Amino acid sequence: MATSPTQAFATLRTPSGPVPEGAPAWNPQRPSAMPHERYRPAHDRVALPLTDRTWPSRRLERAPLWVPVDLRDGNQALAEPMDTERKRRMFDLMVTMGYKEIEVGYPSASQTDFDFVRHLATSGAVPEDVTISVFTAARNDLIDRTIASIEGLPRTVVHLYTATAPAWRDVVLGRSRTELHGMILDAAGYLMRRAEEQSGADIRFEFSPEVFNLTEPDFVLEVCNSITELWDASPDRPVIHNLPATVEIATPNVYADQIEYMDRHLARRDAVILSVHPHNDRGTGVACAELAVLAGAQRVEGCLFGNGERTGNVDLVTLALNLYAQGVNPMVDFSDIDAVREVVEHCNRLPIHPRHPYVGELVHTAFSGTHQDAISKGMAHHTKRAAELGVPAKQAPWEVPYLPIDPGDIGRTYEEVIRINSQSGKGGIAHLLHTHHGLDLPKRMRPDFSGAVQRATDASGQELSHKDLWDLFRTHYIAPAQDGPVLLNSWSTTETGPGEHRFSCVLTANGQERSYEGTGNGPLSAFTQVLTSAGIAVDILNYAEHATSVGPGSPAVAYAECRVDGETFWGAGWDTSILAASVQAVLAAVNRAGQAGR
Ligand SMILES: CC(=O)SCCNC(=O)CCNC(=O)[C@H](O)C(C)(C)COP(=O)(O)OP(=O)(O)OC[C@H]1O[C@@H](n2cnc3c(N)ncnc32)[C@H](O)[C@@H]1OP(=O)(O)O
Ligand SMILES: CC(C)C(=O)C(=O)O
C-alpha cells in the first residue's frame, strides 16, 4: 500500500529509537512526498539581463518616495474590505505620519471604493501637499468610472495596470505580445484623453506591467518606453513606471538586476519615476525593495506592517526603520509605533505578529541571560556616555548590544526590554531590581538570587514580573530577620570610645529570651559578638549598603554575606535607618542558616 505524505511525515517525526515494527521507513529520496522537481529555478524562468551590475557597491543614503497601497492592494486582500470609516482612519494616519502620495482605492471595483474616493474629493480630507492615487485595469469602462471618481480632486495619479508575463498573456488574457502591447496602448491613450477632458485637474499617470519580474526584459522595456512617449513624459511632468514583483520568485539580487537593467535602459529616464512594488512570497520582500533602491528605484509601494495579497506587500514600516537604524531620515514618523499599529490592526482586522520587526510586542525584549546582561551593561554605558558628552540620553549615539535602535525612539518603554523566565540570568534580574526597586545587588550576591529565581521559574514555567522578583527577594532575604529561630526583641548601640561600639539587646535564641551585650570596632562586629555569646558563630564576609532613592527619609538597603556555623548565607535589610537595615541583614543571614538547618 502507498504511503501518504502525512504518514511519511508522521514516521519522520517518530521519536528517536527503533522504528516501530510495521511502520513505513522514511525515505528522503521518495519523489512523491515532496516533489521538488516540479519547480523550476528562477534562473530558468527569467532572462537575467545584466552581468556588469553596479548596485552591490552602492549604499542607501536617503529615503525613496514611499507610497502606501494599504487602501488598495492591502484592502483587496482582506476578508472584510474596509468601509469608509476604516479607510478614512487609515488615510488620516498616513497623512499624519507624513506620507505624501497615497493609493486610496480601485474605484471601479466596488461602490465602497468609489464612495471613498468621492468622500475624499468632497470632505477636504486631502492636504495640499498630498497626492492621492487611484488604480484601474486597462478597460475603457473601468477607466471611465475611475475618472468619474476623482472629479473635483485637484491632484491625482491614475494608476493603470496590465499583466505582461508570458503565463498571464497566454493563460489569463489570451493575447500575444503584440496584441497585449496594442491593448495597453489603447487603454493608456484612452486614459490620457479622458484625463485631458477634466479641466483644471492635475492628473498624472502611473503604469504597472504586473508581474514585471517574470516578464521578458525587452518586452517590458518596449511597453514602458512606448507609454512614456504616448503620455509625453517630461522632467516636470514625469510618468511613473512601477515594476512589481507581483509574486516573488527569485532571490533579491535577481530583482535588483532587473531593476538596474530598467534604470539603465528606460527612455527619457529623467522623465520617469522608477517605482517598485515587491510582494513577500519568499519572505524577502524587504530585501528586494532595498536592493531595488540600490539598483535605481526612486519610489517604493508597499503596506504598513506588510499586509497584502498572500504573504503581503513589502512592509513599509520595516523599510523605513531599517533606514532609520542606519542613520538615514526615513521621512515618515514612527515616534509612536504602537499608535500606528493600533490603527492598522483596527482597519485591517488582522493582528500583527509579536515578532514582527520593530513593532511586535516581543521584539525589544530579551528573556535570555546573556542578552539581558549585555543590554543591562550597554544601557548603563549609554547613560554614562551621554553624561560624558553632556547631552540627554535620547541624543547620545546609540550602541546597546542586541537593540538595533533605541526602543524609546519609537515610543516603546524600557520596561519591556528585559523580562525574566527560566532562560534568564543574574544580569537581567539585577537590572530589573535596580530599575524598578532601586536595589543595587552586590556582584557576589547576584548568582545566589539568580539561583532562587531559576528554581521559582523552573517550578512554575512562568515569567516573573519585576514585582514578583521584588516579592521573591523580600521573602528570600529580608523577611527571615522577622521570622526565624533568632529574634531581636529590642536593641541599641553606643559608641563607647573611638572605634569602640557596644551592642545591647534582648534576643531570643533556641527558644530562650535573654539580654546580651557585645563589643567590637563597629556596631555589626559588636552584634556578632552577641550572637557568638548566644551560641551562633558568625563571620561577616561581605557587606554593602545604599539608599534606594534620593532624598531624606528614603529607605536604605543593606546586604550581608555571613558564614554561619561554617556555611555561607546572604541576608538583606530594608529600613529608613542604615544601621537598622544592616543589623537586619546580618540577622536575616543567620536565620536563613537556621532555616536551612531545620
Ligand atoms: C496584482 C493586482 O493586485 S491586480 C488588482 C487586483 N484587484 C482586484 O481584482 C480587485 C478588484 N477587482 C474587481 O472588482 C473586478 O475584478 C473588476 C471589477 C476589476 C473586473 O470584474 P469582472 O469584469 O467581473 O472580471 P473578473 O473579476 O472576472 O476579471 C477577469 C477579467 O479581467 C481581465 N483582466 C485582468 N486584468 C486586466 C487588466 N489589467 N486590464 C484589463 N482586463 C484585465 C481578464 O482577462 C478577465 O477578462 P475575461 O473575463 O474577458 O476573461
Ligand atoms: C499591479 C501591481 C501594482 C500590483 O498590485 C501587483 O503587481 O501586485
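Each Cβ is built from the backbone N, Cα and C atoms, and glycine gets one as well.
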Mg(2+) site partner of Asp73, His277, His279 (as recorded in TrEMBL), chosen from Asn313, Asn322: Asn313
Candidates His277, His279: member of the binding-site residues with the richest Cβ shell (10 Å): His277
For Asp73 (Mg(2+) binding site), the number of other Cβ atoms found within 10 Å of its own Cβ: 23
Sorted by sequence, non-Asp73, His277, His279, Asn313 residues with Cβ within 8 Å of centre, Mg(2+): Val69, Pro244, Thr246, Pro278, Gly285, Glu301, Gly302, Cys303, Gly308, Glu309, Gly312, Val314
Chain-internal residues near Asn313 (Mg(2+) binding site), provided their CB is under 8 angstroms and they sit 6+ positions away: Val69, Asp73, Gly74, His277, Pro278, His279, Asn280, Gly285, Glu301, Gly302, Cys303, Gly306, Asn307
Local backbone state of His279 (Mg(2+) binding site), from DSSP in three classes: strand
